[in-house]
Amino acid sequence: MNHRTWIELSSRAVASNLKNFRDLLKPTTLLTAVIKSNAYGHGFMEMAELAFKAGADLFGVNSIEEAKLLRSRFPESKILIMGETPEIQSRTKEFSDSNFWVIVSRPESVRALDSCKPRPQIHLKVDTGMGRLGSSNSELEQILNELISEKLFVDGIATHFASTEDVIEQKYSKLQLDQFKKAVQTLEAKGFSKLVKHACASASTMLFPDAHYDLVRIGISLYGLWPSLQTRLSLHLTGKTDFQLEPVMSWKAKVVHIRNLHADSFVGYGSTFQTSAQTKIAVIPVGYYEGLDRKLSNNGSMLIRGKRAKIVGRICMNMTMLDVTHIPGISVGDTVTIIGKDGEEEVTADDHANWAYTINYEVTTRISESVPKYVVD
Ligand SMILES: *Cc1c(COP(=O)(O)O)cnc(C)c1O
């Protein structure tokens, strides 16, 4: 691999994660592989191919732009568009695709999409407690009356849980689910039938079998990452201790330079690290441009030759320095593991999240699109 830095993707891990989710679902529930935002940093088209091969029923994206990009490679696939589009009424030509399933929050959007030829599937979003997209149950009646008076119909109804990942007791999610059931009843009472109903992302799919309905939307765990530690504990408490996820991504780089510094030398911008003895420093060509969080400055480690090496000094725009004094034989050109396994050692996206006070979602999603992706097994 003659790159400075690259990402290796395991197709085996994608297939295994997807199969483990499939085993949780009724045979009739559709599984959406959520690949928005450059597939959470894993590479959009690369992950689309892997999820397609692993048998995902739909792709989940945020925007019409992502949907169109996918369409150029997957002419027949169903694509769930989950984000809102401003001025959708001026973009009906782009939405004219019978295999686009579009989640909308407003009657104007239903009207705009209904005029598309061919017409996409239209799914109405209900806000059951997220406080984001959709409308609440109290507004639903009026929206439906408006649609009915114009002979507009919708094909599906969707909601999103706000805090399944954040807690172990799931009182709030249960309230949300009750609200969703009410919304479904309201639609059905108004004569909307054969609705595609959906509510679950990764965590809720694991924890609420009653909420699977007709489709689930799996993002983070398709990539082999747990939505949170709370989710992992909660699933264990339900007795499902054998549910496994396998990380799909390994992030690697090459050592590009090695220095031998005397005691009392400084490393990096701001001279925030000072050596206390003779120290060997390796320079890694990855910095915050490539997506390494600057909060890992003097905080975190990478793997070389099966050994852990501490990050010293500040993360630069395109470089990071490691203390490799204890690694025999270390050479320019050695492979560095930023995320992944090397021998007995492992650095995970969750380790990065802990070091940077964030969540694994942000860690992988922030890895630059410029980092090349390779499928390795
Ligand atoms: C991103 C997203 C998902 C996927 O969530 P994960 O927690 O990554 O599984 C599901 N539904 C909606 C509406 C989303 O925006």
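The backbone N, Cα and C atoms fix where each Cβ goes, glycine too.
The shown structure was predicted, so the numbers you read here are calculated from the model rather than taken from an experiment.
If you look up TrEMBL, you'll see Lys36 (among others) marked as active site, proton acceptor. Lys36 (active site, proton acceptor) falls within a helical segment according to DSSP. Within 10 Å of the C-beta of Lys36 (active site, proton acceptor) there are 21 other C-beta atoms, taking all protein chains into account.
DSSP classifies Tyr269 (active site, proton acceptor) as helix under the three-state reduction. TrEMBL lists Tyr269 (among others) with the feature active site, proton acceptor.
Residues or ranges marked as substrate binding site by TrEMBL: Arg132, Met317. DSSP assigns Arg132 (substrate binding site) to coil in the three-state reduction, outside any helix or strand. The Cβ of Arg132 (substrate binding site) lies under 8 Å from the Cβ of His160, each on the same chain and at least six residues away in sequence.
Positions annotated as domain 'Alanine racemase C-terminal' by TrEMBL: 248-376.
Feature annotation from TrEMBL assigns N6-(pyridoxal phosphate)lysine to Lys36.
Between Tyr269 (active site, proton acceptor) and Met317 (substrate binding site), the C-alpha separation comes to 11 Å. Lys36 (active site, proton acceptor) and Met317 (substrate binding site) have their C-alpha atoms 26 Å apart, to the nearest angstrom. For Met317 (substrate binding site), the same-chain residues 6+ apart in sequence whose C-beta sits under 8 angstroms from its C-beta are Gly287, Tyr288, Tyr289. This prediction places the mean pLDDT of the domain 'Alanine racemase C-terminal' (248-376) at 98.
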